[in-house]
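So that you can see what the record holds, here are the features copied from Swiss-Prot:
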- 53-83: domain '4Fe-4S ferredoxin-type 1' (DOMAIN)
- CYS63, CYS66, CYS69, CYS113: [4Fe-4S] cluster 1 binding site (BINDING)
- CYS73, CYS103, CYS106, CYS109: [4Fe-4S] cluster 2 binding site (BINDING)
- 94-123: domain '4Fe-4S ferredoxin-type 2' (DOMAIN)
Amino acid sequence: MLGLIQAAKSLLLLEFMSAFFLAMRQFFSPKPTINYPYEKGVVSQRFRGEHALRRYPNGEERCIACKLCEAICPAQAITIEAGPRRNDGTRRTVRYDIDMVKCIYCGFCQEACPVEAIVEGPNFEFATETREELYYDKEKLLMNGDRWEREIARNILMDAPYR
């Protein structure tokens, strides 16, 4: 009797037909993915993307050259040179470089900064043609901060209750 049932299944291609209908059902179901270059998904406010240096509302850069971000960076991707002290006792950076090739996007630099000068912004589309374009200097970082300031400030404000 068992051989007869097995022969009927083989003759009627029962397993093939069940697999075929399963594939057809999946083929016509809605797709769970998005069409990336044309559609973009929602990015979390805690997303850690391209680095940026922020400015105060009066236009002065926030970084006070404390070098905490350089000290805490596990990948040693940050290099800072502090300028001489100004008349008011503060100091600013002369050189602020981040080697994005070394960076592991851990966010420790952002957490260590006492004035929220260095942040990891919302931009994740910064592919380059050459490796040299991934060595960010102070001007590039300030430009990123100016470009993304509104979104960065909103993300920091929304994340404030959890810090």
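Backbone N, Cα and C define each Cβ position, glycine as well.
Owing to the predicted nature of the structure, the values given are computational and were not obtained by experimental measurement.
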Determine, for the [4Fe-4S] cluster 1 site, the additional residues of the same chain whose CB lies within 8 Å of the mean position of the CB atoms of CYS63, CYS66, CYS69, CYS113; present them in sequence order.
ILE64, ALA65, LYS67, LEU68, GLU70, ILE80, CYS109, ALA112, PRO114, VAL115, ALA117, ILE118
With DSSP, how much of the domain '4Fe-4S ferredoxin-type 2' (94-123) is helix, how much strand and how much coil, in residues?
5 helix, 9 strand, 16 coil
Integer Cα-Cα distance in angstrom, CYS73 ([4Fe-4S] cluster 2 binding site) to CYS66 ([4Fe-4S] cluster 1 binding site):
14
Any idea what DSSP makes of CYS69 ([4Fe-4S] cluster 1 binding site), helix, strand or coil?
helix
I'm trying to understand the geometry here, so how far is the Cα atom of CYS106 ([4Fe-4S] cluster 2 binding site) from the Cα atom of CYS69 ([4Fe-4S] cluster 1 binding site), in Å to the nearest whole number?
12
Quick one: of the binding-site residues CYS66, CYS69, CYS113, which has its CA closest to the CA of CYS103 ([4Fe-4S] cluster 2 binding site)?
CYS69
Integer Å distance between the CA atoms belonging to CYS69 ([4Fe-4S] cluster 1 binding site) and CYS109 ([4Fe-4S] cluster 2 binding site):
4
Give the sequence-ordered list of residues that share a chain with CYS66 ([4Fe-4S] cluster 1 binding site), lie 6 or more positions from it, and have CB atoms under 8 Å from its CB.
PRO114
With a radius of 8 angstroms around the mean position of the C-beta atoms of CYS73, CYS103, CYS106, CYS109, what other residues of the same chain does the [4Fe-4S] cluster 2 site pick up?
CYS69, ILE72, PRO74, ALA75, ALA77, ILE78, ILE104, TYR105, GLY107, PHE108
Per residue, counting other C-beta atoms within 10 angstroms of the C-beta, which of the binding-site residues CYS109, CYS113 reaches the highest number?
CYS109
Considering every residue in the domain '4Fe-4S ferredoxin-type 2' (94-123), what is the mean pLDDT value?
95
